[in-house]
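One structure is given below, encoded as structure tokens.
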Amino acid sequence: WIMGHMVNAIGQIDEFVNLGANSIETDVSFDSSANPEYTYHGIPCDCGRNCKKWENFNDFLKGLRSATTPGNSKYKEKLVLVVFDLKTGSLYDNQANDAGKKLAKNLLQHYWNNGNNGGRAYIVLSIPDPNHYPLIKGFTDTLKQEGHPELLDKLGYDFSGNDAIGDVAKAYKKAGVSGHVWQSDGITNCLLRGLTRVKEAVANRDSGNGYINKVYYWTVDKRATTRDALDAGVDGIMTNYPDVITDVLNEAAYKSKFRVATYEDNPWETFKK
């Protein structure tokens, strides 16, 4: 999965997919009542990027729905996975469940069109703080209460704070999650980070009894780092330059080992060599 980083304006969806992304990451900020408010990152952000592009959250969802609904004039067949980077740092811990409920209602209405031919992309809820695990239950309970448990098939999870793998496992246990787990590891492109924790996550994924299904590394803009991440066995690479990742995947060393995921590839299934 080539994951376009910080796609917060509707116009950027096309831009990143046209460069080769089959997945995008979108920032979601919350107001003081735990309502998802904007798709917005703000300053500081990655080097070389405009940090200030934004939409109202529900407007972005409608644009995203158009881009991921077959038959729509804006439809992009390649776009199959969306990671919502939930900026829950502005919330109190006791608001996490509420944030999940409100997020679910927004997605149900504006993205999934109340289950009536809505957007088809797989969705990952990416939460920075393991203490905010009640967000997951708030979200999943709401989908069930609203009569759409089938949409849980489209839903995956990520704790993005680079916490110890064991602590993340505990948070999932508390949240009642087993499966559909992406594990992120990374740092802003302005800084360097080694692959120690990525390798640990990959080992958990491949152990047969770990909690992780997929591993992605962020934010990768250089060919050398892309090669290192692929060599470590990641499933996804988040990038500001999808064309760089595409170029590396076309190199002889990687062409036979990797391909770009399509809608038919289940993002919740651990890949077996």
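Using the three backbone atoms N, Cα and C, a Cβ is placed for every residue, glycine included.
Over in Swiss-Prot, the protein carries these features:
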- H5: active site (ACT_SITE)
- E25, D27, D85: Mg(2+) binding site (BINDING)
- H41: active site, nucleophile (ACT_SITE)
- C45-C51: disulfide bond (DISULFID)
- C47-C190: disulfide bond (DISULFID)
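Features recorded in Swiss-Prot, as mapped to the structure shown.
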{"residue": "H5", "record": "active site", "DSSP (3 states)": "coil"}
{"residue": "E25", "record": "Mg(2+) binding site", "DSSP (3 states)": "strand"}
{"residue": "H41", "record": "active site, nucleophile", "DSSP (3 states)": "coil"}
{"residue": "C47", "record": "disulfide bond", "DSSP (3 states)": "coil"}
{"residue": "D85", "record": "Mg(2+) binding site", "DSSP (3 states)": "strand"}
{"residue": "C190", "record": "disulfide bond", "DSSP (3 states)": "coil"}
Spatial neighbours of C45 (disulfide bond), counting only the recorded positions E25, D27, D85, C190 and Cα distances within 10 Å: C190
E25, D27, D85 excluded, remaining Cβ within 8 Å of their centroid (Mg(2+)): H5, M6, V7, N8, T26, V28, H41, V83, F84, L86, K87, S126
For D85 (Mg(2+) binding site): intrachain residues, at least 6 apart, with Cβ closer than 8 Å: E25, T26, D27, V28, S126, P128, S160
Other CB atoms within 10 A, centred on C51 (disulfide bond): 15
H5 (active site) versus C47 (disulfide bond) - Cα distance in angstrom: 12
Winner by Cβ contact number (other Cβ atoms within 10 Å) across the binding-site residues E25, D27: E25
Entry from the disulfide-bonded residues list C45, C47, C190 having the most other CB atoms no farther than 10 A: C45
The one of H5, H41 whose CB sees the fewest other CB atoms within 10 Å, among these active-site residues: H41
C51 (disulfide bond) versus C190 (disulfide bond) - Cα distance in angstrom: 14
